[in-house]
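Visitor: Mind looking over this structure? Questions follow.
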Amino acid sequence: MLALGKLLELTLAGREPAQKIQLTVDGVQMRWLSEGALEVRPPEARDNGSDLLLSSGIHGNETAPIELLDRLLHGIARGEIKPRSRVLFLFGNTEAMRRGERYLELDVNRLFNGRHEKNIGPEAMRAAELEQLARSFFSLPGRSRLHYDLHTAIRGSKIEQFALYPWKEGRQHSRHQLARLNAAGMQAVLLQNKTSITFTAFTYEQLEAEAFTLELGKARPFGQNQGVNVSRLELRLKQIIEGTEPETDSLDGLKLFAVSREVIKHSDAFLLHLPADVENFSELEKGYLLAEDVAKTRWVIEEEGARIIFPNPKVKNGLRAGILIVPTTDAVLG
């Protein structure tokens with residue numbers, strides 16, 4: 001196997017490869033760009049005009065997605081996967097990956113769309129670098145652009161595998177992309193309705209990519225992800241890379257949700273009235289007092305069918321401590 005196929009091994013060891021560019025036996029170029037960043041380029045005659053960005057490790061302890069990208073890279077380096085797409089593989093927070101921690105000081109996935117400019121430290125610098133790597137990769141005109149940012153969650157979930165679809169004024173959410181996610185094993189998609197500061201929000205809003213944050217299960221250490229089943233996603237990614245993806249327009253069984261409200265933590269007095277082990281997609285009854293903060297701020301459930309995702313009262317002041325979502329239909333899709 002080509003040495004550049006061992007990007008994860010190089011990254012965890014903090015080493016640069018001796019050779020920055022290598023070719024597989026069938027002419028696929030693998031090019032090391034910087035720590036945790038590797039571009040795969042098919043021979044010109046096989047290039048189908050699509051660009052795919054695959055990122056993981058934005059949170060360093062979310063290892064199942066990292067291992068998935070590692071397997072795909074190994075397959076390409078061995079010549080078992082024969083790309084027709086350009087692919088950029090990114091491991092996000094490399095130092096946190098080495099330490100087995102979610103992040104060191106700042107949550108990298110809250111530092112995009114310019115937010116890194118308002119912060120200092122290595123994680124703000126890394127977010128800026130990731131933006132630049134993505135911007136450069138998606139700079140070629142006339143090509144399709146797709147970004148999957150792969151994660152696992154801090155807590156359990158009543159719907160284990162789901163996607164978050166960013167929002168931009170004037171753009172419609174794509175039925176075709178949701179059918180593709182359905183085929184890849186996603187059980188639900190959250191359609192967002194405001195701008196955000198995540199990596200996929202940046203690539204969707206600024207770089208005109210179709211972009212999705214994919215949540216694949218519970219976060220576990222390296223080598224302990226037997227309980228995270230990513231087989232359908234892995235197959236679909238191979239098909240996208242190789243240009244052999246079967247056409248599908250089916251949304252059968254895919255649950256769609258819309259954001260109703262975000263719960264923002266304003267002060268250290270913030271209280272979230274949920275058990276510490278509450279699962280994502282837990283239902284909340286109308287009238288339930290969800291949270292309280294200074295100045296008599298109260299979040300009371302008003303919505304029918306409301307559910308909570310990403311509840312986290314420990315976030316820094318000013319950040320999102322949870323999202324209230326409600327069921328929606330495919331009538332909103334383009």
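Using the three backbone atoms N, Cα and C, a Cβ is placed for every residue, glycine included.
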Visitor: Among H151, H173, H176, which residue does Swiss-Prot annotate as binding Zn(2+) at the site that also has H59, E62?
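Guide: Record source Swiss-Prot; matching candidate: H151.
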Visitor: To the nearest whole angstrom, what is the C-alpha distance linking E215 (active site) and H151 (Zn(2+) binding site)?
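Guide: Counting only the Cα atoms, the answer is 5 Å.
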Visitor: For Zn(2+), what surrounds H59, E62, H151 with a Cβ no more than 8 Å from their Cβ centroid?
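Guide: So the extra residues in range turn out to be S56, G57, I58, G60, N61, P65, R102, N109, L150, T152, A153, A219.
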